[in-house]
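Right, one structure below, let's go through it.
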């Protein structure tokens, strides 16, 4: 069914209907626009929410627990969700709103043109009808005048008193009026035919074509509304997979929460390292201050040490023994038969206390102090590696300038090299100091499985000439890598004065005269003194195997050569200096250091 045939007489209603359709399309466009604003506002609020709940720098230590880590991961996923809502808004803005605006503009222009054409056609038919009406009126007027002229002629012709001239005059007037009437009649007939033809064309061809185009225009509008609605849904559906991934990420983060591990972390974080307080002594006033054991019900024995023997200041606020009281307790060191370890700890303490530094974390409990010192050592070692890399670059630049003076003055790098060397010396000094603090803490009681730092500063600090004031002391320590500690007769003593290897200060492949460093080949060397029996290093089991990637020629004491593809046993892992201690396959079983970057480790 077509508007042109069924609604041929509903021009005004069709004009109003098409205008309402355009208004509806514009309203739908406003709805999509407002929804984009809501999506953007929602995304912005989500991002502000994530930003407000991001962990502050002061709370980073709290985020080592699994719920906090999961919450931080969830914040990242929520931030991604906000991004997907922004994608929805952007796609609706570019794919729907813009197309709606273009469509509204096109429909308005086409409708305006069609209405102008229809108005022109209506004006034409109205003008023709008006012309027909004028012709009809002219014909009617001429016909009446002709009838009056005929009537006058008949009366004059019947009147015998009128002259023949008067009668002839009336006859001539009648003839003129009749001719005028016939002309008006002919004109009226012509106008009638023309009007009928135009009216037929107007209602059967011109206006139906206009109505047909208006119908197609309205169908186009409706069809596009359907397309826009479906496309809006597709825009949102397209981000569902990513939203589901974000939700899966939140679920995975929640599944990573481990209550057992968190409770262990609480122990590691707050463990003081102090021993629980002993029994309260019994003060027997009747004995005049003499101490006496008193057996109480339940089998507990209380020893009286006189009035005032137990002092409140020996307890801290939290009920643990104070640091001063702890240092007088020697039960922790009963496993060692020699007093040399206590002498070493006293020497380290005296050396450190004489420096007058305030950042030794002495106000913390032993376990927390040890953690802080280990963190500080890691920071110093990272800075030391950066400074060594910077010095390496400066030495290379100096070598390039020396080989080609046109590129620059070699002396221009001397100031930077001096500053770099001073910073390295300062870092090595700090490394030595904190290693001493770490050994002091471990002397007072090192937890099982604790991490050990080498006491030879020249091994950890590259390119300096400083010495360690505690490196010459031999300390009884556990065998590295988690193996069982040696007993009193099997203590493994580490000495930094046994042997050293000279290597370049700036790398393995760039050797410069005068830049040597002690490699610390004695990190696992055995001291055979009067208190410690000899312990053969070959008895240590290998930690894994490795394959030589490149051939290496040993030019320094303590290192061994290797050829490309050779299989070696790992005896000691790289401690951060770029060297790994290896052993050849039996029967040679030669041991020494090789560059870590020259080997590929298979297992450890």
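Placement of Cβ uses the backbone N, Cα and C atoms for every residue, glycine included.
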Can you dig out which of the ranges 388-443, 444-499 TrEMBL describes as region 'Disordered'?
444-499
Between 37-96, 97-156, I'd like to know which one TrEMBL lists as coiled coil.
97-156
Per DSSP, what is the residue tally for the domain 'REM-1' (362-440) in helix, strand and coil?
72 helix, 0 strand, 7 coil
Average the per-residue pLDDT over the domain 'REM-1' (362-440) and send me the rounded value.
86
